[in-house]
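J.: Here you go, one structure.
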Amino acid sequence: MSADVSTTPAAENVNGAAEASPAPAAAAPSATTPEVTAVENSTPAPAANQPHSASLYVGELDPSVTEAMLYELFSSIGQVASIRVCRDAVTRRSLGYAYVNYNNTADGERALEDLNYTLIKGKPCRIMWSQRDPALRKTGQGNVFIKNLDSAIDNKALHDTFAAFGNILSCKVAQDEFGNSKGYGFVHYETAEAANNAIKHVNGMLLNDKKVFVGHHISKKDRQSKFEEMKANFTNVYIKNLDSEIDDDEFRKMFEKFGEITSATLSRDQEGKSRGFGFVNFSTHESAQAAVEEMNDKEIRSQKLYVGRAQKKHEREEELRKQYEAARLEKASKYQGVNLYVKNLTDDIDDEKLRELFGPYGTITSAKVMRDTNVERDQSPDSAGKEKEADKENDKEATPEAEKAEKAEEKPSESSEEKDKEAKKSDKKPFGKSKGFGFVCFSSPDEASKAVTEMNQRMVNGKPLYVALAQRKDVRRSQLEASIQARNTIRQQQAAAAAGMPQPYMQPAVFYGPGQQGFIPGGQRGMAFPPQPGMVMGIPGGRPGQYPGPFPGQQGGRGMGPNQQIPPNFAQGIPMGMQGPGGIPNGMGYPQMAQVQFGRGAGGRGQVPGMPMGQGMRGGPGYGQGRGAPVQQGQMRPGQGGRGQNAAAPAGPQEGAAGGVNAQTLGAAPPAQQKQMLGEALYPKIQAQQPELAGKITGMLLEMDNTELLSLTRKPCAPRSMRPLAFTMST
């Protein structure tokens with residue numbers, strides 16, 4: 001039976017030798033349709049006298065091969081129209097194959113003849129005509145399977161051997177992950193007659209002193225159905241747990257009563273001793289089935305035998321893999337939602353203390369603190385001194401007087417059983433330094449959820465615990481890759497924004513502290529998509545590039561309505577060059593955060609109450625009244641904002657002081673404003689301790705729950721205790 005090789009888009013893009021392609025593309029089915037600019041033939045099968053397209057498939061490429069490397073090689077043949085290395089749609093890693101398109105077919109024929117099996121980055125490439133029609137690729141006509149190949153035979157040697165029987169479309173020797181030959185390969189001829197001719201002349205011949213088998217390739221589907229039929233009609237029986245004293249004659253007589261035996265053998269080692277298992281092959285399936293049913297689990301010479309159908313190695317490995325996968329899934333579903341991960345533990349917390357901490361929240365099935373098992377227990381000075389004394393005693397001469405003195409000094413203090421118990425207790429004690437994390441498993445998801453709610457961020461021995469549901473390593477890795485990819489995307493968008501390039505999508509809103517770089521909190525509720533850093537969010541109902549309703553600089557406005565609002569620190573943190581008249585960012589919206597209203601005025605020229613006067617603002621410093629009379633920095637005249645200014649509004653900026661944030665005001669505020677209020681309360685405290693990282697650390701802390709943030713605002717030194725954690729996260 002022919003062996004199987006994983007199929008890939010590379011194989012499907014060439015011809016019927018689907019099983020003769022590399023395996024990397026199986027992880028990225030989304031990248032299976034490369035862009036090939038050349039025109040393809042639509043004939044049922046390529047013939048020798050028909051012109052090919054100018055598109056070539058290049059396989060067996062190293063993952064580091066790029067389009068530039070291929071262009072340097074293939075441009076020596078003729079003018080190259082395009083080159084594309086096919087990559088995974090998600091990771092953008094090379095799938096190991098590419099397409100090279102020439103402007104004319106003659107150059108493609110020369111490249112196929114001259115460059116096939118050329119070394120690229122130390123690996124011989126495999127070149128063939130591209131065939132995009134899947135029906136033509138999967139016909140299998142002319143596909144030949146060769147097995148029992150010598151390990152020295154590579155793709156080129158196999159091609160040279162079988163090229164005498166006809167035009168070869170594809171030729172490949174299967175290799176493992178280390179590049180070693182698996183002992184079989186495939187040759188796809190252009191016609192079925194050439195394939196039959198190769199089978200007739202090469203099958204049973206010697207290649208490098210090894211007799212090879214050459215036959216028509218059987219598809220995986222047909223092989224699978226044939227394999228199932230063979231399993232249902234097995235004749236070969238495997239027996240294990242045999243006594244080592246059983247010889248070949250006795251072994252054969254044990255199974256002769258079930259039917260005619262064609263062969264029976266015991267496996268022996270190099271010394272000729274039985275290895276405890278053997279094989280019996282019957283002439284009929286019924287005899288083999290009867291032997292399995294009667295002899296399985298039967299005791300012979302005090303050993304229970306195992307008798308079953310003989311399996312090949314790959315079949316046993318596949319069965320074990322399925323059993324392991326089923327056990328893993330069962331275990332994962334069993335502990336789904338009940339297993340907790342606890343980190344930031346102090347060194348003095350062991351398994352018992354961890355169980356005591358989480359015991360009040362439910363029934364704990366297991367609790368374990370992970371420790372470094374490679375660290376051996378250090379010997380105490382007392383034990384070291386006792387060992388030295390024992391060594392000195394052992395150095396004494398064993399005289400009769402000394403033996404009598406030792407017997408006289410012996411006391412019936414402890415029995416050997418008590419000593420054994422103490423030794424067992426000492427062995428059970430955990431050794432090695434704590435890794436600072438552990439796991440707690442509850443009996444129900446409700447108990448685990450309650451423990452997460454109550455114990456997360458709780459201070460234990462001066463350190464806040466981190467408690468969350470335990471996740472598998474592959475899940476954590478995928479989440480980490482997703483977060484890294486999102487972070488890289490944000491950096492790319494920021495770089496593009498700095499260069500003035502258009503953005504494909506907008507980024508989360510940024511909280512700006514006074515004179516600080518902004519940080520990026522989570523997305524706000526109600527936002528269709530978050531705005532760019534350095535920008536502020538638009539109000540629902542506004543058109544892109546404009547503020548909702550009339551505003552200075554827009555047409556058709558007589559001032560803002562009474563329900564239109566603007567934040568108190570609106571102008572702070574906006575980069576230079578992005579402000580329009582009045583300090584407003586050009587073409588950008590603003591969030592509804594501060595409850596400050598405009599008064600109705602002509603032309604909408606009113607000063608925004610509670611908004612700091614920016615340089616160059618209408619009515620602000622540097623912008624004079626009437627003919628531009630100068631106003632000193634920090635001064636403000638009554639009525640300076642124009643006719644639309646609200647007389648009852650305060651002239652200075654309004655700030656949310658830390659003392660003004662309490663649970664009542666926080667609960668009354670909308671969710672989008674709560675984080676802003678807490679950030680404004682925490683920012684001054686953190687800025688006093690970390691001026692350079694104040695904005696970033698504040699952003700990190702705002703990822704915590706609002707109740708915890710509220711408690712931090714009430715404690716003057718609370719941010720100091722959180723500083724190491726936030727500082728670590730920020731770096």
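Even glycines carry a Cβ here, placed using N, Cα and C.
Swiss-Prot feature annotations, pasted as is:
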COMPBIAS  1-10  compositional bias 'Polar residues'
COMPBIAS  616-627  compositional bias 'Gly residues'
DOMAIN    54-132  domain 'RRM 1'
DOMAIN    142-219  domain 'RRM 2'
DOMAIN    235-312  domain 'RRM 3'
DOMAIN    338-472  domain 'RRM 4'
DOMAIN    658-731  domain 'PABC'
REGION    1-51  region 'Disordered'
REGION    369-429  region 'Disordered'
REGION    603-665  region 'Disordered'
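Structural setting of the listed features?
T.: Here the domain 'RRM 2' (142-219) is broken down by DSSP into helix, strand and coil counts: 22 helix, 30 strand, 26 coil.
The average pLDDT computed over the domain 'RRM 4' (338-472) stands at 71.
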J.: Would you list the DSSP helix, strand and coil counts for the residues of the domain 'RRM 3' (235-312)?
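T.: Breakdown, helix to coil: 20 helix, 30 strand, 28 coil.
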